[in-house]
Amino acid sequence: MNTLMGLINLEHEHDFLEELTYFRCGAAAPFAGRYRLIDFTLSNMVKTRIEEVAVFTNTKYRSLMDHVGTGADWELARRHGGLFILPPDWNDPTDISRGDLRHFHNNRDYFHRSKADHVLVSGSQFVANTDFDEAFQHHLDTGADVTLVSVQLDKSLPEHVPQLRLETNEAGQVINLTNDQENKHAFTNVYIIKKEVLLRLVDQCIAFHKDHFLFHGIKENLHDLHAEYYQYEGYSFFVNSIESFFRHNMNLLDPDPYRELFFKNEYVRTKISNEPPVKYRETADVKDSLLANGSVIDGDVHNSVLFRGVKVKKGAVVKNSIILQRCIIEEDVHLENVILDKDVRISSGQTFIGSKDKPFVVAKRKQI
Amino acid sequence: MKKQCVGMLLAGGEGKRLGLLTKDLAKPAVPFGGKYRIIDFTLSNCSNSGIQTVGVLTQYSPLVLHKHIGIGKPWDMDRQFDGLTILSPYTAKRGGSWYSGTADAIYQNIHYIDQYDPDYILVISGDHIYQMNYDDLIQHHEEKQSDATISVIEVPWEEASRFGILNTKDNLEIYEFDEKPKEPKNNLASMGIYIFNWKTLRSYLLDDAEQTDSDHDFGKDIIPAMLNDGKRMFAYRFEGYWKDVGTIQSYWEANMDLLEEDLSVSLNNKEWRTYSQDVNYPPQFLDSRAVVENSLINSGSWISGTVKNSILFQCVEVGTGTTINKSIIHPHVKIGKNCTIERAIIMENVVIPDNTVIDGTKETEPVVINDEYVEQLT
């Protein structure tokens, strides 16, 4: 059938957000006031009407599982299909597979049971609000084995360095993935692949003791595959470092990127909470900021992103900062260029100032 | 499956005195407090009190209400055998009819209640704002070995004649019910919250259904009949915030009350959460010209003007140079630039053009703004 199934492959995503990934995988890192990074990919898959999504996860997945739950908030709690979180579960003593191939090998049933003939594979670091309908149509129209979703980089940013580049021939087919920084045609780590090709390449990789499906299964076989690309034109970015995390949160304080990301398309889904509306008290002074529900503001908040349930007490000043869920900022605290992870409490009168390029990051549940 | 107590939530009323607000909407579904609907407070009380078998009686304009309640998921009432059930008027072999009164609505659903063979039945309505533990009421009912217990709240003596007043002995036993008395003998007003022994109530409902001259109403018919027969009936004194949002003025006041700090209805109370349907709108955005003081604002809103002493629901846009004061702005309202809005209630999806002035300070009640009002302005 000409339908898609989804796979979010987190196996090779290292803990890319320093203190924020001490206790959680990158995909579960909070972003933009009320989301987790995985929400964007997951929502995009749902918008593409994908009805079954598997997540290959390797370590620190407790917070990820807590966040996605049964998938109900993405309408993925289904009688058939829906969401499958697949942590490591290696029971087969004859298994010789390695790297993410172990996930493919041990979860082969997921692919077999589905009626879909194509798989949309993604990581969690490419952030956009879109569906992949056009990419899939292109994939079907060209009869490609694999279609890579790409973006044209208009400027060079540090987070672009690790992104592979697409080398194409005159016919517009992808012939290689390179590390050529001069090439601005970058791969998003999102691709659509025929299911039978995927399973064939998985077998091949395992037979050759390979450990990385994208590199060894796809990149090394591009000469044998019909590989197309689909260039995504909308607002998008990569989050793969604390620096890019900080900058892209801050960019959303500009009206245009905020509208592009959140209002141009159907809204991005996330775990539903039960927080009341934001309470601004008499002394509140809030400008150029994003605030999520459940927050109570008595102080000054400028140019900052506040997640759910943050308390900013009287006389406190929060500038150019990202404050994660349920932090408490006591009276007369001054914060600038700071990232506070969840449940941090800053006692009254303290001052913390980081630099724009190197924000001061405070790990979860610290009391300072 | 036996249940100790089944809740019957009366949510079918029209709420005529809410005017435009209930033109196409059941009163319990009227938006309240920035993200809620009025019924959320009662349903959350049920959930927090451990009452998970609840029949919701709907009748007037129920589409939005039904969609909002769904299968009761936000209140953890999506259960396999009990949980929340929407009970709308129906037809059967014997014919069918609309619910002609509060008692008739329960009477027509006796078969629903009988499934659970409950000891008690809790009758509540979906148009009050309060936080109350119904379990305390049940315990009071059991201690007094009562046939019926009515929750009451002390009201100022000078206002007592606007309420249904219960005249009680010192031990809170009720001997008389006075509907809007000219000369009140007591200041304990009925909150419209009742606990009945189901067996007792059941027989009264059957009797009442036979009476052709009855209004089939709890306050007018059932309670007086039980008093007449000398049933043991006690008042339960509730202390805390309680507000009937029956008029536009009281609806507006109850919303403004949420901005006060010392109210016992606190939306931020983690021990007594107020649950509602939530939506996946992005965080709210305040730009460099935003001024927001003493207000509640929900997600998806975009603020470029001044908002004071107001309540803004989800996805409200406030243009640059606009000032909003003492107002309630329902979801998806777009307010243009350089507007002044004072003491108004703006209904869902209304678009207010630039430079509009709406001043409700001189009216007796806050002004309610819908599309037609805006068309007349231009």
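Note: Cβ is positioned from N, Cα and C throughout, glycine not excepted.
Curation does not apply to TrEMBL; its annotations are automatic.
Annotated in TrEMBL:
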BINDING   B:Tyr99, B:Gly164, B:Glu179, B:Lys180, B:Ser190  alpha-D-glucose 1-phosphate binding site
DOMAIN    B:7-260  domain 'Nucleotidyl transferase'
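Everything TrEMBL records as a feature, shown here on the structure.
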residue: B:Tyr99; record: alpha-D-glucose 1-phosphate binding site; DSSP (3 states): coil
residue: B:Gly164; record: alpha-D-glucose 1-phosphate binding site; DSSP (3 states): strand
residue: B:Glu179; record: alpha-D-glucose 1-phosphate binding site; DSSP (3 states): strand
residue: B:Ser190; record: alpha-D-glucose 1-phosphate binding site; DSSP (3 states): strand
Site extent for alpha-D-glucose 1-phosphate (largest Cα pair distance over B:Tyr99, B:Gly164, B:Glu179, B:Lys180, B:Ser190, Å): 24
Distant-in-sequence Cβ neighbours of B:Tyr99 (alpha-D-glucose 1-phosphate binding site), under 8 Å, six or more positions away: B:Gly12, B:Leu57, B:Gln59, B:Pro89, B:Ala105, B:Gln108
Proximal but sequence-remote residues of the same chain as B:Ser190 (alpha-D-glucose 1-phosphate binding site) (Cβ under 8 Å, at least 6 apart): B:Ile150, B:Ser151, B:Val152, B:Phe163, B:Gly164, B:Ile165, B:Leu166, B:Phe177, B:Gly219
